[in-house]
Structures are given as C-alpha cells and as structure tokens.
Amino acid sequence: MRKIIVVGAVAGGATCASQIRRLDKDSEITIFEKDRDMSFANCGLPYFIGNIVNERKDVLPITPDVFKEKKDITVKTYHEVIAINDKDQTVTVVNRQTNEKFEASYDKLILSPGAGANSLGFDSDYIFTLRNMEDTDAIDQFIDQHQAKKALVVGAGYISLEVLENLYARGLDVTLIHRSEKVNKLMDQDMNQVIFDELDSRHIPYRLNEEIVSVKDHLVTFKSGIQEDFDIIIEGVGTHPHSKFIESSNVALDDKGFVKVNDKFETNIPNIYALGDVITSTYRHVNLPAQVPLAWGAHRGASVIAEQLAGNKNIIFKGFLGTNIVKFFDYTLASVGIKVEELTHFDYQMVELNSGTHAGYYPGNTNVHLRVYFDTNNRHLLRAAAVGKTGVDKRIDVLSMAMMSELTIDELTEFEVAYAPPYSHPKDLVNMIGYKARDL
C-alpha cells in the first residue's frame, strides 16, 4: 500500500489530503500537524475576534476524528516533523505532548507547513500574534478575562488592518503604529489614502515611522519617546516560511527559506512536493519569481498535486497572478499582477480612472479608483489595482481573467459587461480603461 505523508493540516495540507483521497481510495494517508487544530479558517480569524463571526464551528469546521471517519485520513495533531531523510524516504516526528520521537516512512511526501509569525522579541504576557486558532482563543479569552479596553496594533499589512477593524468593532480603543510610511504594501501607496481617511473619521490614532523600544507590564515606550499604557498588543510584523526542518534534507530552498517548486509542485527531490505559504513559484503572466502566501494558491496547489499523484500529468500549475483583496471599514482595496516595485523590469504605461461603480442616476452610486499598468512592447497587462466602497472585487476579478488569458489593454474594450443601472455602465470601468489606453 502506498504511504503518503502530509506535513501540515491547514488550508494546503488538509485540502491536498482530501483531494488525494477523492482520486485514490487505497493509499494510506497521514497528516502530521504540529499545532492543536486542523483545517481552521485562518482568513476568518480576525472576524471571530471581532464577533462578526460568532460560531466557533464556522472557523473550526472539522476535527481529526471526523476527518478520519469521513475520509479515512489520519491526522496527528501536536506532532511536528523535525527532519527529512530524503535518501531513506523517512521523516522524524516529535510528539509535542510526550516528547516522544519516531520515524515514519513515505512513498510520497507533501510539505505544507505554512508560515510563522515574525516577532519583535519582547517578553510580555500582553503581546500576541495571530496565526492559528490557538492564537485566536488566547486573544479572545485575554480580552474577556482582563476586560481589555485599549489595544495597540503593530504593523500595517492586511492582517493587521483586519485585526484593527475587528478590535474596534468589539469596542476596544485601538492605536496603530508602523515602522515605515508604506502600509498595505500590496497596494499602490497613494491609493492607500483611504486607510488613513477611515482611521481619521473614527478618531483612531496612528503613527508611521514608529517602533516599540520596550514593554514593561502595560507601559510601552516608543522610538519617538512617547510612553503609553495598553491592555493588549497585537503584533503583525510579517511572516517567514516554516522551512527550518527542511534544511535537514536536500530539498532546495531559496535565500529566504522558501521551497522551490516546478509547475507540478514537485521539489528538486523525487517524491517530495510542496505547496502553500512555504513555496516560491513564478508569475503566470510574466517571467518573474513570485511568493503569494494566500489561500487561493494553497487550494490550487492541493488540487494539482492530487491530480499528479493520480497520474493526470497534464494538469499543471501555470503560475500566480497574486490577486488579493482586503476590506477596511467602508472601503475595499484590491490588486492583481506584479508588485509596484517589480514594474521596473518593464517598459510600461499606466491608465487610471475614478468613476461611479454604476449608473449615476441610480441610488447608491460610489466611485471606484481603478488603475491598470501594461507593457508598452506587447500591450499585455502587468498589474491592476482598485479601491472603492463597492464594485472593486468584480473589476479586479475581471482583470485577473484578462491577465490569465493574456489579453492586451486594447482588448478590454471588447469585454461584454452585464449591464443594468444598479450594477454597471453600458461601457464599464474595465472597458473605459481600454478606451483610454488607445492613444498610449
């Protein structure tokens, strides 16, 4: 019987195991998960903290026992893989509850260990990060047990912004600090102005170019010299791939610790695959490396690996587009394609407009700021970004499909919109981007 070992039981690992079982009823599948829970909805954790999502079962939908019963897949939580012997095809596992070590053999090994939260290194009972359900429970219980009223959020990436909004929704007084002037780095920085506008309109204090110097009990001392008391501190200062244990093997990593994979999610070592936040791949539409630690990529990787193991070798991964979106109070910010700083690899032009999301005479019309970058040599799309209160997601999704299909900026004029006054214009914003580009 073929033995398949999966490292990690969250989005990538659990989904991959489930997809393998769908196509393969016979192999023995075992998942080793170093933490307490499996298959939690990590994208939903901030909303659970904010009581927007009230039911625990909605963010923690399945247990190892149920997974075993329904899918005949063994999940061992609190079991951490600490080493890989790719010559003998074994992994070394430690039971984190008993400290017992043992070896397990595999025919196929799938690495989906995810990423870990970076830490500022301060030793305090008041400081938390948010990466898993255990972190979520700790934050939730701390707020209740200590009747926390005043929170500090450190960092201004999309997770920090979601945490801030949800702490505010829960009734806490929140302050945001960030060590640079660049926030939400997946967006064009000038389009992030709505973030500051939303903070200002709610009188939420924020300071850029600010850092923590020390934490003593409730008292936080900042680089600026300001000292202030907080009941709870949430760090959101980036992540790193959980790949330290992979260094024991011959699996190739890049200089940042990401696992290199091909279009089948194979590593350089036979019978070892990787997916999720731990990998580096390429963009789909341009020849540049890409790390996209988001849910879509993990789920796509799970499907491709399962198909590969089932013998369907023609199903491959064609690369990332990096499509991303975040809600911040009344606004939505989204982008697709390469990062702004990667545009320097190309000769490019930019087209933008700021227009109502649907017919102006129909109630509820709000503006969307839409921006598209294209390569002036072949006129293919490189990047797009949008911000607004409504209609942002569908424009970015359409432009994602356009990039996937290698459409030119001019061909956006041919996009046939689903038009009625409550939804769009006869010439949609995406069409207008194409028309505006004709003279460029």
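One-based numbering along the chain as shown.
From the backbone N, Cα and C atoms, a Cβ is placed for every residue, glycine too.
Annotated FAD binding site per Swiss-Prot: 8-33, 267-277, Tyr419, in sequence order, evidence recorded as sequence analysis. Cβ neighbour count for Asn271 (FAD binding site): 15 (other Cβ atoms within 10 Å of its Cβ, all protein chains included).
All protein chains shown were included, and the count of other CB atoms within 10 Å of the CB of His299 (substrate binding site) stands at 17. Taken from Swiss-Prot, the feature substrate binding site covers Thr15, Gln19, Arg22, Ser39, Asn42, Lys71, His299, Lys427.
Sequence-distant neighbours of Cys43 (active site, nucleophile) (same chain, six or more apart, CB under 8 Å from its CB) are Ala295, listed in sequence order. Annotation source Swiss-Prot lists active site, nucleophile at Cys43.
Among the features that Swiss-Prot reports, active site, redox-active is placed at Cys43. In the three-state DSSP scheme, Cys43 (active site, nucleophile) is classed as helix.
Taken from Swiss-Prot, the feature NADP(+) binding site covers 151-166, and the record attributes it to sequence analysis. According to DSSP, Glu165 (NADP(+) binding site) is assigned to a helical segment.
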Euclidean distance between Cα atoms of His299 (substrate binding site) and Gly13 (FAD binding site), Å: 9
In sequence order, the binding-site residues (Lys71, Gly157, Glu165, Lys427) whose C-alpha falls within 10 A of Ser18 (FAD binding site): Lys71
From binding-site residues Arg22, Val153, Gly155, Val163, the one whose Cα lies nearest Gly8 (FAD binding site): Arg22
Secondary-structure category, per DSSP, in which His299 (substrate binding site) falls: helix
Glu33 (FAD binding site) and Ser39 (substrate binding site), distance between Cα atoms, whole Å: 10
Largest separation between Cα atoms (Å) of residues that the record links to substrate, namely Thr15, Gln19, Arg22, Ser39, Asn42, Lys71, His299, Lys427: 48
Structural state of Ala151 (NADP(+) binding site), classified by DSSP into three states: strand
